[in-house]
Amino acid sequence: KTQITLAEKLEPAASYTDSSDDETSPRDKQQKNSKGNGDFCIKNIKQADFGRREIEIAEQEMPALMALRKRAQGEKPLAGAKVVGCTHITAQTAVLMETLSALGAQCRWAACNIYSTQNEVAAALAEGGEAPVFAWKGESEDDFWWCIDRCVNVEGWQPNMILDDGGDLTHWIYKKYPNMFKKIKGIVEESVTGVHRLYQLSKAGKLCVPAMNVNDSVTKQKFDNLYCCRESILDGLKRTTDVMFGGKQVVVCGYGEVGKGCCAALKAMGSIVYVTEIDPICALQACMDGFRLVKLNEVIRQVDIVITCTGNKNVVVRENLDRMKNSCIVCNMGHSNTEIDVASLRTPELTWERVRSQVDHVIWPDGKRIVLLAEGRLLNLSCSTVPTFVLSITATTQALALIELYNAPEGRYKQDVYLLPKKMGKTSSSF
């Protein structure tokens, strides 16, 4: 028998670690999978085995999506569907992509966040060949739009369904390839930011296909936004800063479902939690849940951690940042990177110092510094992970919404934004 040495046993792990540190841009590499297919752009195809193991682990915690795959793959309800997607590329969304493929869809995928891609998972998807992927962790802004374009602008392939998270994919097609909407049957949108952009298009009379608002479905609001953020906020903060939560003063901007989850977790860990909120109902809920309602400028000098959860823009501006105490931690749990005015910090008088991955010190002339996480982008998916079981429900809801829009008879849905039927949303949590 051939003996396997300890070095050989450890070699895959070493390769996995070393390849993550390769600074060469994936756009400058020519990579092919084991089948000779090069229709993808990722960090390193050699990480595929590790990514496959992560996907297999995720499958165990995604019973709803796996049940849908088992129940419907014989019927192929998405046969003929050509789905172009722009979401976070993680082990959980990989299970969704492979489920869509099992249900008959052809897929092409890009990332909706430049920091959230799990490189090994992207490699596993590229190796499988079922869903060409164009994404890697740490993309530049130019890379981000290039990847989306590579998904959309393909000779001999044109999408007829869109699955979006944030609206950037939809925006790009409207901007660059508006004629594609002649063949697109519908849009499924995941986030509050993307849904807002769809409603703007609809109000302006520019929405030319039906769109399904998954963000406001009963499962997304009550499970993903609340319970996912309740667990992942602590994970993201602990991994990046090693902070102890007990006794810390924290202000959470926004008391929607995301804010509720963050506040509950921090309160349970012994933090003193303040809430800012402009919606009177959400403000009353915060009050009834035992949190002190404040204006941001009332507490900005004393708090240790500032967390934005609104989905809005310029929630924390330069004036607030200037008044923060030394070593204040600033992060965002909303979708976009516009809640914290990071652009105002890129000025000559301020010094940026990279401490570790996704952690920057921004230093003022007097020596004061704040700790900025993920450059103001989504904390949990940029700096940690999210609970797989919760995402099972969300991903199943997205799949059902795609099936509904793709198979709907002509005339059922007009050129407007629709909520996922409540019965269908409940179905996704009962598989």
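Using N, Cα and C of the backbone, Cβ positions are placed for all residues, glycine too.
No curator has checked TrEMBL annotations; they are predicted automatically.
These figures come from a predicted structure and were not determined experimentally.
What TrEMBL annotates here:
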type	residues	note
BINDING	Thr90, Asp165, Glu190, Lys220, Asp224	substrate binding site
BINDING	Gly256, Glu257, Val258, Gly259, Lys260, Gly261, Glu277, Asn380	NAD(+) binding site
DOMAIN	225-386	domain 'S-adenosyl-L-homocysteine hydrolase NAD binding'
REGION	1-38	region 'Disordered'
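A map of TrEMBL features onto the structure.
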{"residue": "Thr90", "record": "substrate binding site", "Cβ within 10 Å": "23"}
{"residue": "Asp165", "record": "substrate binding site", "Cβ within 10 Å": "24"}
{"residue": "Glu190", "record": "substrate binding site", "Cβ within 10 Å": "30"}
{"residue": "Asp224", "record": "substrate binding site", "Cβ within 10 Å": "26"}
{"residue": "Gly256", "record": "NAD(+) binding site", "Cβ within 10 Å": "20"}
{"residue": "Val258", "record": "NAD(+) binding site", "Cβ within 10 Å": "28"}
{"residue": "Gly259", "record": "NAD(+) binding site", "Cβ within 10 Å": "29"}
{"residue": "Lys260", "record": "NAD(+) binding site", "Cβ within 10 Å": "24"}
{"residue": "Glu277", "record": "NAD(+) binding site", "Cβ within 10 Å": "23"}
{"residue": "Asn380", "record": "NAD(+) binding site", "Cβ within 10 Å": "27"}
Cα-to-Cα gap, Gly261 (NAD(+) binding site) vs Glu190 (substrate binding site), nearest whole Å: 18
Span of Gly256, Glu257, Val258, Gly259, Lys260, Gly261, Glu277, Asn380 around NAD(+) - largest C-alpha separation, Å: 22
Cβ-Cβ neighbours of Glu257 (NAD(+) binding site) (radius 10 Å): 23
CB contacts for Gly261 (NAD(+) binding site) [other CB atoms within 10 A, all chains]: 23
Close binding-site residues near Glu190 (substrate binding site), where close means Cα within 10 Å, chosen from Glu257, Val258, Glu277: none
Whole-number mean of pLDDT values that fall within the domain 'S-adenosyl-L-homocysteine hydrolase NAD binding' (225-386): 95
